[in-house]
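Novice: Just dropping this structure here.
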């Protein structure tokens, strides 16, 4: 009978061993008879006694792994917070990615990638975190030489966190503007001096240019005060947006300051409220004239674009964003689970929520675009507006402006929803960073850590409030996030596939969840998922095109800076691999290298009894 060395160890403490079974700290862990048969009664009692001693030892001893870790108050809190993978990536990023890649031409590859890449990756990361109760860096003790994967992912997460918070600042700015009557983006302004269509559908023509909606012009000219180029610099921060950014970080810090439990309690509201608002917007969007044409464009595949590498690359990176895989937050969240929590059920629920939310937001946005195309009398949806990362701040307000009954109320409701989604996404990413730091410095006060991260986030985020801020977000979105995430995800998969082993992973699942792993998961982890990702990456590199923003081509020096950012994230892998080899106690370099790619001796469940059981299992297959 082949069993596994402890890969993703769950972290139930001795306090949980002797407690009650309500899903909280103190949960009873009854050891299955099949596992207890591996050790004698005396040895089991000895494990318990030794573990009590280990819990009292200083944290710098080798038994540090048995130090008690916080747990979710209830299992549902993990599910709700994981559902925050359903966040800005779905409502904000998904629609403009679809528009940028040909509507239905993108949706079809996206669904394929979601099933064959996103779902296997998500389940794998849930298993890694729950089994080991380690953060996204220490989890790679299954192969210490690969710790650089987690470090690179955390650095990338830091980049994303800074500009996600700035997007939250924009939602606050819109929320405050929602108190005006009429809504400020519902009517054209003479000072804009461009062709414009306001909410009353009256076109004000100042030129022969393509007319733009008042919502789009309000965002570009009044909110962002955006320039057409950053060749002369990005400008100075907008003090109104900076204040909104500060408020956003106050909210993030307020939720995180008490640790994981406080974010778990907030999950009930953060996860459920957005759907109520989105359903209201969907109903209004669907009733607009021409909306059906836009929705058909959204779901109708354009087969000639299916074979474009850019479309598949965009599908992979969108899956990473919408599910938050390969950024460390999923591993972090699941590390607070009970050891035997049924994450197999959770992953299927989250996949349905993620796909449903993306499609829901897509129908809302493309219903609006179809309506605008009808008004502007254009045949191509892509001619209605330029596809960029600010599409959500143009299309959603356009719908709200067309609501006849108290549009101010619905506007406030929508931007509260968008803010809530942003809070959820930022909590996940910031918690990931906090967990990594606290794993290294467990004695640091949580409030000091949260305050420090918030101050750094405000300082960096202020850059994105400048007139050239959106240029920088688009730039960093590629070089600091999507491109890096794809490469690190490939390395992560190969680590599990070739170094740790899919068979060991499946044995760990059986040890933890008492269930066999289906052929679907095994084939995806072994062959389909890594092959697809490598193929998409190579094809994308082969057909490489430099990124642009609304037709603006970045200066070569900007691209050089971008590659430096990407390299800084990716170089962590070889640097920490070399460090892990050097730290090995073996005398010969060959043995040092071999040991660096083997699990640490303390790799496994972060509970003394379960760890001992796992060590016994390990002896069976060795």
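Indices start at 1 and increase along the chain as displayed.
Cβ coordinates come from backbone N, Cα and C, glycine included.
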Novice: Looking at 520-540, 583-603, which stretch does TrEMBL describe as transmembrane segment?
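Specialist: So the range that TrEMBL calls transmembrane segment is 520-540.
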Novice: When TrEMBL marks a stretch as transmembrane segment, which of 209-231, 347-369 is it?
Specialist: 347-369
Novice: Please check if the transmembrane segment (412-437) comes into contact with the transmembrane segment (560-582), where contact means 3 or more CB pairs closer than 8 Å and the residues in each pair are separated by 6 or more positions.
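Specialist: Contact between the transmembrane segment (560-582) and the transmembrane segment (412-437): absent, because fewer than 3 Cβ pairs are under 8 Å.
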Novice: If we skip the immediate neighbours and take only residues 6+ beyond the ends of the transmembrane segment (478-500), which ones have a Cβ under 8 Å from one of its Cβ atoms?
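Specialist: Same-chain contacts beyond the flanks: 7, 121, 124, 140, 142-143, 146, 149, 152-153, 156, 159-160, 313, 316-317, 320-321, 325-327, 525-526, 529-530, 533-534, 536-537, 547, 561-563, 565-566, 569-570, 573, 597, 599.
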Novice: Compare 149-176, 272-299, 347-369 by their Cβ pairs under 8 Å to the transmembrane segment (311-335) and return the stretch that comes out on top.
Specialist: 149-176
Novice: Among 107-128, 239-260, 272-299, 347-369, point out the range having the most Cβ pairs under 8 angstroms from the transmembrane segment (149-176).
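Specialist: Between the candidates 107-128, 239-260, 272-299, 347-369, the best contact partner of the transmembrane segment (149-176) is 239-260.
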Novice: Count the CB pairs under 8 A between the transmembrane segment (107-128) and each of 239-260, 347-369, 560-582, then give me the winner.
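Specialist: Per the Cβ under 8 Å count, 347-369.
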Novice: Excluding the flanking five residues on each side, which residues at least 6 beyond the ends of the transmembrane segment (560-582) place their CB within less than 8 Å of a CB in that stretch?
Specialist: 144-149, 151-152, 155-156, 159, 475-476, 478-480, 483-484, 487-488, 491, 554, 589, 592-593, 596
Novice: Which number gives the other C-beta atoms within 10 angstroms of the C-beta of residue 188 (disulfide bond), all protein chains shown included?
Specialist: 24
